[in-house]
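K.L.:
Attaching a single structure in structure tokens format; questions to follow.
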Amino acid sequence: LQSSNSLKASYEDWLLTYGLSVSPFHLRWQTALFNRQFYNWGRWKPRFLYLWFSIGMVFGIVAMFGSVILLGKTLLQTLTQMLTEAPKAQNDRVLQVVVSVPSLGLWYKVIVLHENSPCSVVPGVNLPISQLTYFFSAILISGVIHEVGHGVAAIREQVRFNGFGIFIFIVYPGAFVDLFTTHLQLISPVQQLRIFCAGVWHNFVLGVASFIVLFLLPAILFPFYYTGVGALVTEVAEDSPANGPRGLFVGDLVTNLQDCPVYNVEDWNSCLGDISEKSQVGYCVSAATLQQLSFPARVYRRLDGTVECCSNNSLTDICFSYSNKLDSHLYACLPARKVIEASKVCRTNMDCHKDFVPSFCVTPSLENQTRLIRVKHPPHIDMLYVGHPMHLQYTVSLSSFVPRQNFLSIDLPVVIETFCKYLISLSGALAVINAVPCFALDGQWILNSFLEATLSSLIVEKQNRELVGFLILLAGSALLAANVALGLWMVTAR
């Protein structure tokens with residue numbers, strides 16, 4: 001027993017020496033190694049820092065009220081979507097609260113912008129493995145910048161700075177600063193506001209800076225990469241329908257989808273969206289060619305009401321429908337590549353009238369939501385894709401940046417783009433959630449200091465001001481909790 005106690009004491013002394021703290025699901029490290037650097041930052045250009053954190057104070061107060069409006073709107077949207085039996089697909093991104101992580105004195109909140117897609121960002125549920133590094137790196141950097149804001153603002157306001165640290169809660173990384181509480185209580189409410197608002201202000205600035213880098217990335221990488229010539233294939237999933245000898249390969253440059261030109265990744269997504277929403281296009285085929293290529297086949301209806309006229313075993317032939325002056329429902333089983341390669345797209349027979357050559361607009365007769373898509377990626381032979389357009393979108397990764405030299409990585413611009421997008425989402429989300437007037441969030445301290453600064457002359461009794469703040473915090477906490485519960489339910493139930 002004595003040996004066990006001695007070993008325990010030695011272990012605790014070792015943890016204390018290195019600033020480590022270990023508890024269930026939580027590992028924390030605190031150090032004073034960076035104190036000198038924090039003090040240098042906090043004493044650099046006092047007038048500039050005063051203006052900087054004063055702007056941050058105004059932003060934090062506005063963000064506090066704005067976050068309540070945003071969470072209220074999000075809650076109504078989520079409830080509406082839950083109560084709708086067949087919710088329509090939404091292009092708008094819905095705010096989904098994912099996880100909250102406590103730290104010493106300050107709380108680190110993490111949310112993501114969830115988009116209705118198979119790749120929504122929920123680690124451990126459906127976040128792609130390839131995105132985990134971006135996700136956790138963005139969380140850590142956003143947390144560090146958040147806490148640096150608090151620390152520098154505190155030093156600027158003459159509050160003692162004890163140390164900086166990082167932690168891991170379950171698998172989520174974060175950061176914190178240790179401030180001397182007595183000093184915080186002695187300064188004025190306005191000074192407190194500058195400190196408490198500094199975190200969300202720095203997260204907002206980080207998000208804006210990431211957005212600027214993302215926006216200017218073509219100019220930044222111009223000496224090494226050029227854009228506007230197509231979408232460069234960077235990865236094709238093993239189970240992708242675009243795989244195969246006549247499919248897409250890493251390094252291919254996609255220039256067209258059907259008659260829709262592709263100059264970048266945005267065009268690729270936009271073209272696939274249009275193809276998915278609109279009816280299948282047809283292809284102009286002369287009457288002579290149609291008679292030469294077609295062969296007798298049995299016509300039957302599929303379960304969804306569409307018509308099939310080719311053998312199920314055929315890998316090259318597709319059933320096409322067309323109309324002439326006498327009959328509007330004619331079908332022919334034709335070799336797809338021969339029909340499409342030398343043809344222009346059409347919607348009606350009128351689109352094919354040229355040089356007085358009798359021609360028909362033949363349209364692939366496919367299952368509902370299925371499309372025949374001609375993908376041009378010169379100098380290779382065109383890829384003919386049959387399936388849902390979104391399957392092609394989700395299994396092929398592309399970049400708008402084409403290397404000027406062969407030794408340049410095709411993945412570097414994608415890495416920078418993706419990381420900037422994660423920083424924008426997570427840093428912005430951290431600013432929004434921390435600004436909510438909720439217990440144990442930055443919003444709690446922002447609200448208390450704001451009420452002290454504005455209501456001290458209207459509500460003389462401090463106890464009454466604290467009661468007003470408590471009621472507001474209770475409502476804000478309930479609003480956030482409802483968003484967390486319904487957000488998690490909506491994400492995990494899909």
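Every residue, even glycine, has its Cβ placed from backbone N, Cα and C.
OK, TrEMBL features for this one:
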- 49-72: transmembrane segment (TRANSMEM)
- 132-149: transmembrane segment (TRANSMEM)
- 134-474: domain 'Peptidase M50' (DOMAIN)
- 161-180: transmembrane segment (TRANSMEM)
- 200-222: transmembrane segment (TRANSMEM)
- 422-447: transmembrane segment (TRANSMEM)
- 467-491: transmembrane segment (TRANSMEM)
K.L.:
Mind checking which residues reach the transmembrane segment (132-149)? Cβ under 8 Å, same chain, six or more beyond either end.
P.N.:
38, 41, 56, 106, 108, 110, 121, 123, 164, 166, 171-177, 198-203, 206, 418-419, 422-423, 425-427, 430, 434
K.L.:
Any contact between the transmembrane segment (422-447) and the transmembrane segment (49-72), i.e. 3 or more CB pairs below 8 Å with pairs at least 6 residues apart?
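P.N.:
Yes, the stretches contact each other.
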K.L.:
Which residues of the chain, 6 or more past the ends of the transmembrane segment (200-222), have a CB below 8 A from one of its CBs?
P.N.:
53, 55-57, 59-60, 63, 141-142, 145-146, 148-149, 400-401, 413, 416-417, 420-421, 423-424, 427-428, 430-432, 434-435, 442
K.L.:
Mind looking up the mean pLDDT for the domain 'Peptidase M50' (134-474) in the predicted model?
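P.N.:
Its mean pLDDT is 91.
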